[in-house]
Amino acid sequence: MKTVIYPGTFDPITNGHLDIIERTAVLFPQVIVAVAASPTKKPLFDLQDRVQLAEESVAHLPNVRVIGFSGLLADAVKEHDITAIIRGMRTTMDFEYELQLAHLNRVLSQGVESLFLPSTEQWSYVSSTIVREIYLHNGNVDQFVPPPVLNALNRRRKADA
């Protein structure tokens, strides 16, 4: 069975990510959402929380599962017998970076290809970074994130108050 992987930090997972996951789940029989530890990015949510939020956000998709990983994506690709790496692209600004990653991952994973899926217009401007910025400045992010993330952000805001 063909299994693809959609990696990211997902800090937090957004409706843009969810759109890519839902569209990928229609195209492939098995999708793994791989949440990267990314300790150098100083995430808002720890890895365990990001995995849980991703799981809750994709619970309606029976052919999607979520894993957390640290280290190289190529190692997760080998471990899970991945057919292709899915990458979402919002704008041409993403292209150069994603192309470099695709070449690097092809070398490190012995030939596994990266497939680029363009964002829909509705979500082309949404990123986790923008969501965090809006949240940290007490803005409203409910139109940009799935309900589990919104609930977690609201709980976090109340705890910080």
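Heads up, the Cβ atoms here are built off N, Cα and C, so glycines get one too.
Under DSSP, SER124 (ATP binding site) is assigned to coil, being neither helix nor strand in the three-state scheme. Among the features that Swiss-Prot reports, ATP binding site is placed at THR9, PHE10, HIS17, GLY88, MET89, ARG90, GLU98, TRP123, SER124, TYR125, VAL126, SER127, SER128, THR129.
For THR9, LYS41, LEU73, ARG87, the entry in Swiss-Prot reads substrate binding site. Taken residue by residue with DSSP, LEU73 (substrate binding site) is part of a helix.
The site 'Transition state stabilizer' feature in Swiss-Prot is assigned to HIS17. Here the Cβ of HIS17 (ATP binding site) has 26 other Cβ atoms within 10 Å, regardless of which shown protein chain they belong to. HIS17 (ATP binding site) falls within a helical segment according to DSSP.
Under 8 Å, Cβ to Cβ, and six or more positions away along its own chain, MET89 (ATP binding site) finds PHE95, GLU98, PHE116, LEU117, PRO118, SER119. According to its DSSP assignment, MET89 (ATP binding site) is in a strand. LYS41 (substrate binding site) has THR9 nearby among the binding-site residues THR9, HIS17, SER124, VAL126, SER128, counting only those with a Cα within 10 angstroms of its own Cα.
Largest Cα-to-Cα span within the ATP-binding set THR9, PHE10, HIS17, GLY88, MET89, ARG90, GLU98, TRP123, SER124, TYR125, VAL126, SER127, SER128, THR129: 18 Å. Working note on the binding-site residues LYS41, ARG87: by count of other C-beta atoms within 10 Å of each C-beta, ARG87 ranks first.
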